[in-house]
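Step one of this worksheet: look at the structure below.
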Amino acid sequence: MARFGTQKLYIDGAYVDAGSDATFEAINPATGEVLAHVQRATQADVEKAVESAERGQKVWAAMTAMQRSRILRRAVDILRERNDELAMLETLDTGKSYSETRYVDIVTGADVLEYYAGLVPAIEGEQIPLRESSFVYTRREPLGVTVGIGAWNYPIQIALWKSAPALAAGNAMIFKPSEVTSLTTLKLAEIFTEAGLPNGVFNVLTGSGREVGTWLTEHPRIEKVSFTGGTTTGKKVMASASSSSLKEVTMELGGKSPLIICDDADLDKAADIAMMANFYSSGQVCTNGTRVFVPAAMKAAFEAKIAERVARIRAGNPEDENTNFGPLVSFQHMESVLSYIAKGKEEGARVLCGGERLTAGDFAKGAFVAPTVFTDCTDDMTIVKEEIFGPVMSILSYETEEEVIRRANDTEYGLAAGVCTNDISRAHRIIHKLEAGICWINAWGESPAEMPVGGYKQSGVGRENGVSSLAQYTRIKSVQVELGGYNSVF
């Protein structure tokens, strides 16, 4: 018997059985334990969810802004009250250390929901005078029923990042979590209902992206799709969304982000930043700065500082609060990361740290890969060009500022970038030339609710978080009013 039994779909404010008996397993990647059997939604379930969302959205949109704001704020309170319980469930399902999920995943997701709950009454139109007898006013109206499709690395946080602006603007959302990590999103649906969200305004359908995701993105009555995942899949989602009914889309996709360390940087601080940019969440963060550019004259000193810090990583049971490095999200993903590590060795990169699966003792039960650092890397290596999504850092040396900017931009991706320097003018000069949507100076990784995040090039379309994202969940209606007479040419 799985610890959490059978997990059902969440439609119209309640758990309901899927239209078939098909299920998939939720597996703890630290131990291989089957946590739950999760039901697979059918196409008929998708129709039920859409119909439910359409009904609920009308009720939700008819509420006053303050009523909607209060309900979302109650959901924030419940999330914070249940933080530790939800964090442990996230740890079991994803393998991320409890020392991370307890202080980041639910906390930052709740922050985003609170941020948008506060913005609900600020959704306003404009009044535009034309002449003495006429003016135009605009209304920002909700889109209707929207879809969120999540990734497996931050399940509940991503669900909140997508649902918060959608619900704040008066829409309903049908959310499909990753098949790999579905459990906490179902709990979020419970919390929204407990907070007073009308039935149907947040539905959760579990299943594969190939089936459930496609049925949702192609559905003619869905108005917008917000997707987080790989670039290849994102292109397919975007194509199906546009070909079916010209849906609006937001895409948060892959990256191969550069971290540039300048010759005047504090090397200890730069090493700390590089560690967070590569090994936080066991390297499974879309914005990770996996291409670390270091001045050639400083490379040996930087390598020594990185090796010293890697040795301090505490890999282990993610349920132990002392652990700060857990397994990868699945055994399948572990094999993918190990194949990249093998490719790096084959192509001539030098292994500074790690480079293998962890198998001693209890590690053998889980999907653990050692924190890995390659050095003497070149731009044409597979590990430097392709997104690995694991704990693999590549160190590259450079000579001049002009050279490193050119090489940093020589990628199909443009999600994130960072610069370490004590010269603030230099920092801004370099950042302004980097082709990336999310940038940090002397820091890495923080994405507060107020900060719009999203990529350039193949890394995405649109933004999440910040004021601008709220507008993406509305459409503008323009109304001209004539107070005087009307002259016809006929």
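Cβ atoms here come from the backbone N, Cα and C positions, even for glycine.
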Same-site residue for NAD(+) (record: Swiss-Prot; known: GLY150, ALA151, TRP152, LYS176, PRO177, SER178, GLU179, GLY230, THR231, THR232, THR233, GLY254, GLU387; options: CYS286, CYS353, CYS420): CYS286
Same K(+) 1 site per Swiss-Prot - residue from VAL145, VAL147, VAL180, VAL201 joining ILE27, ASP93: VAL180
Which of ASP93, GLU248, all recorded positions, has a Cβ with the fewest other Cβ atoms inside 10 Å: GLU248
Other C-beta atoms that fall within 10 angstroms of the C-beta of PRO177 (NAD(+) binding site): 27
Between GLY460 (K(+) 2 binding site) and CYS286 (active site, nucleophile), the C-alpha gap once rounded to whole angstrom: 11
Residues that sit under 8 angstroms from ILE27 (K(+) 1 binding site) by C-beta distance, when 6+ apart in the chain: GLU33, VAL34, LEU35, SER330, PHE331
Alpha-carbon distance [GLU464 (active site, charge relay system); LYS162 (active site, charge relay system)] in Å: 7
Spatial neighbours of GLU464 (active site, charge relay system), counting only the recorded positions ASP93, THR233, GLU252 and Cα distances within 10 Å: GLU252
Between THR231 (NAD(+) binding site) and LYS457 (K(+) 2 binding site): CA-CA distance (Å): 10
